[in-house]
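*Asks:* Copied straight from TrEMBL:
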- E125: active site, proton acceptor (ACT_SITE)
- H154: active site, proton donor (ACT_SITE)
Amino acid sequence: MKKTRNTKNWLYSIVGVLVLLFGGQQLDVFDTLFPSENAQIESTVQESGVTEGEAYSTKDEVAAYLHQFGELPPNYLTKQEAEALGWDNEKGNLWEVTDQMSIGGNKFGNYEGLLPEKDGRIYYEADIDYEGEYRGPKRIVYSNDGLIFYTDDHYESFEQLY
C-alpha cells in the first residue's frame, strides 16, 4: 500500500513538473509516437512548403512540387503552348503574352549522356527562376520515373535533387 502511494506521488510530481515546464500546453506525445495519415500528409506539405495548384519557380519549390504531385506547377506551359499565345523566344516576350508563366514540360534529349539512362525513361525540362524577358541557364530536368535534376549552367552539369 505504501509503495503504491509513493509511486502515485512520484507520478504526480513528474506531471506537475511537465505542466510547469510546458505551461499547460497540450503534449502531443501520442501524435508524435503514432501519427495519423493526415498528420503525415500535413508534415510533407509543411516540409516541402508547396501546395497543389499554386505557382512556383525556384529550384527547391519546383523540385518539391514535381516530387510530391508528379507534375509541374500550373504556371508552366510548353514551348508549343507559349508559341500559340504569341511567344517568340528571340524576342523574350513570354510575360508579354502570358500571365507570368514559365516554359516547361518539353522533352529533354540527354544527348550528352550526362543523366542516367534506362529503358522507357523519358526526360523533360523546366525553366527555373524565370523573371520575364529571355530564358536563363537554370533548369530542372525530370524523368517520367521520378528522377529530378538541377542545372544552373544550361546542361553542362547536373545536381540530383530526387
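Just so it is clear, glycine is given a Cβ too, placed from its N, Cα and C backbone atoms.
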*Asks:* If you skip the near sequence neighbours and keep only those at least six away, which residues in the chain come within under 8 angstroms of H154 (active site, proton donor), Cβ to Cβ?
*Replies:* P137, R139
*Asks:* Identify, in sequence order, the residues in the chain of E125 (active site, proton acceptor) that are 6 or more apart from it along the sequence and have a CB within less than 8 Å of its CB; answer 'none' if there are none.
*Replies:* G104, N106, K107, F108, R139, I140, V141, Y142
